[in-house]
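Here's what TrEMBL has on this protein:
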- 41, 372, 420: Mg(2+) binding site (BINDING)
- 60, 63, 414: Ni(2+) binding site (BINDING)
- 63, 417: Fe cation binding site (BINDING)
């Protein structure tokens, strides 16, 4: 028997879930499938490496600054130059602002509706329930967007990339604005933590124990720079790596049933590992105020704790933004490229987890090959595992779609950057096959909604 959920709603992009059951109704396999083909690695072939950061920012309208920065770090290596100290600060500030903007959007528009009654499961329902606080959260999120605009040249796809540096140093006035906005964003983080407290008591008891991958520098979580740290499910460090070493540690497999790949960390074998907010909380210490929140509430393996971890990371990113804006002392904004080394790897932390960009160029710096491992790729195996567990626990097939989607949204997967509905009723169809024959169809919409000719079970 096969159960198919298509599409998975309230995620960035398009995906479906297929669950196979044996004759007794037990779960045999569960697959989280990317249904879109983008082919960016092919698109990048033939581009000058210095143009790649601006191009890859269009991979995702949500994750634009993250891809931009990872590719820029790789470009530094391709051109044999280390970014100036001033540029490193600006780059990290860009990432911090992006984290705040992204996490706030994800929580308000995608995650929080799961805590509401079915008829209110959309961002408008969230804002109605939060009242003036909801409008205040959206307003404060705008400060992060403004910082992205100041540093990146525009608020959607940044244009300030230069190998070895940055196209424009922030002025004293801009630094003052960033410092002021950072204080507002710190307040945003505390308010989001208060809102997300409910997540600590929800999740239907579903827990995920898995190894973790995150980035650490000098004992602290770092979004821009550092070593990648793998810890087992007990929190014991397994290994560290950086740069090109990833290729000897992480294996990738193409999948016949999805446009996403599957990854494994060699020393872990087939053991599950995850990346993202909760993984980072388990990787290293955060900033002081964020660490206090973690000490107060503890760290849980509850799947929905991922949402709470996002709220904590808003505090972390705002603290770090404030620190960086106050420590910036100007100086050279770009170190001149020296040569074409022909290969570069850029690794940063994206809101959803560790992001890897790897490029090969010819002697003129023209891209001849590339490999991108995004956060959701790391998490595919864990998502498959969780989907299977949810299906095993479900007592009613008709409620299965909702439970599976809630679990998937805990990972905040980014498939392409699109949500499907604003009225809280995404047209979802579950097909149940027995012995290869379609036996039942369950939908949450009437035939007139989507033009279907099959009957609707409610």
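Note that Cβ sites are derived from N, Cα and C of the backbone, with glycine treated the same way.
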Assigned element (helix, strand, coil) containing residue 414 (Ni(2+) binding site), judged by DSSP: strand
Per DSSP, three-state class assigned to residue 41 (Mg(2+) binding site): helix
Neighbouring C-beta atoms (10 Å sphere around the C-beta of residue 372 (Mg(2+) binding site)): 20
Per DSSP, three-state class assigned to residue 372 (Mg(2+) binding site): strand
